[in-house]
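Dumping the structure here so I can ask a few things about it.
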Amino acid sequence: MKRVGLLGCGAIGSEIALAIDSGKISAKLTHIYDFSKENSKNLVDKLQNKPIITENVGLLAASPVDMIIEAASQDAVRDDILSILQNRKDVMIMSVGALLDESIFDIVIDGCRDFNKRVYLPSGAIIGLDGIRAVKDELELVTLVTTKNPKALKGAKFFETSNIDPDKITQSTVIYEGSAQEAVRLFPANINVAALLSLAGIGSEKTRVKIVADPHTDKNTHEIQAEGTFGKFSVKVENVPSPSNPKTSRLATLAAIECLRKICGTSLNIGT
Ligand SMILES: NC(=O)C1=CN([C@@H]2O[C@H](COP(=O)(O)OP(=O)(O)OC[C@H]3O[C@@H](n4cnc5c(N)ncnc54)[C@H](O)[C@@H]3O)[C@@H](O)[C@H]2O)C=CC1
Ligand SMILES: O=C([O-])CC(=O)C(=O)O
């Protein structure tokens, strides 16, 4: 049975831990780390099989696990991915936006090669990546339209330099249009899905992102519009937000759990 370590005990990390604890995933969660000690302790309290809380991320990376699940932040990926790979652990990354930084992407690719390790990027809060991967050589235009309640967008770096106040948005408003590259920097906790779309398709400069703040919605909606010589398609998902983090969709957690089940399982693999 695979031994798993967890970096980040928030909305996604906690649900993954509970799924392992319940036996839904055939793995053993042995070590966890979160820079909020309170969050780590709260999670351990909920689990039957208690993992060790490591004192720092270096000890998590060096712990006797086969794989580490990152469910923390883009900063955590930037700071810790090299040490995790050097310690010869496979990694599942949720904060995929960090990989749009070329130097981090190179660390991941070189680390996988040099240490013979695998990095997994679950499809997260979007659907349709199978189609994007299939058509990528014929893809000419791809846009992600993301709609969230302004409350779920609040706190993003974008608002530090914009004159838009998320508390004062009273109707559905397009607040951002630009490249995926820029979007993941300005909205690091909201649009990691744009990084997934870029990496599966035509890259982060050509992938366009539109972010709509709608005070009347209680969903996190992502629509991919893709067009090229193959034809065109659009796929839309209306996600229920996670109760403990409105920025994060329930689907992102479910996709991570399913991805881990596939990695840890031995039976039938369905789909791409
Ligand atoms: N790939 C995808 O489709 C999606 C990715 N995400 C991303 O996944 C990550 C986790 O999401 P949630 O669980 O909803 O976030 P959360 O905010 O609920 O939990 C994150 C946890 O990680 C901890 N943390 C943050 N930075 C850390 C660091 N450098 N070192 C140690 N601990 C750290 C925090 O204290 C918190 O407990 C976020 O980066 C989020 O933006 C979220 C939704 C979809
Ligand atoms: O969960 C979502 O709807 C998307 C999200 O926060 C992200 O991609 O960072």
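Backbone N, Cα and C define each Cβ position, glycine as well.
These came from TrEMBL, pasted as-is:
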| type | residues | note |
| --- | --- | --- |
| ACT_SITE | HIS222 | active site |
| BINDING | ALA125, ASN192 | NAD(+) binding site |
| DOMAIN | 8-121 | domain 'Aspartate/homoserine dehydrogenase NAD-binding' |
| DOMAIN | 170-257 | domain 'Aspartate dehydrogenase' |
Suppose we screen the recorded positions ALA125, ASN192, HIS222 by Cβ distance to ligand 1 with a cut-off under 6 Å; which survive, in sequence order?
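List returned for ligand 1: ALA125, ASN192.
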Cβ distance under 8 Å to ALA125 (NAD(+) binding site), same chain, sequence separation 6 or more: which residues?
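Non-local contacts for ALA125 (NAD(+) binding site): ASN192, VAL193, ASN220, HIS222, VAL237, ASN239, THR248, SER249, LEU251, ALA252, ALA255.
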For ALA125 (NAD(+) binding site), just give me the three-state DSSP call.
coil
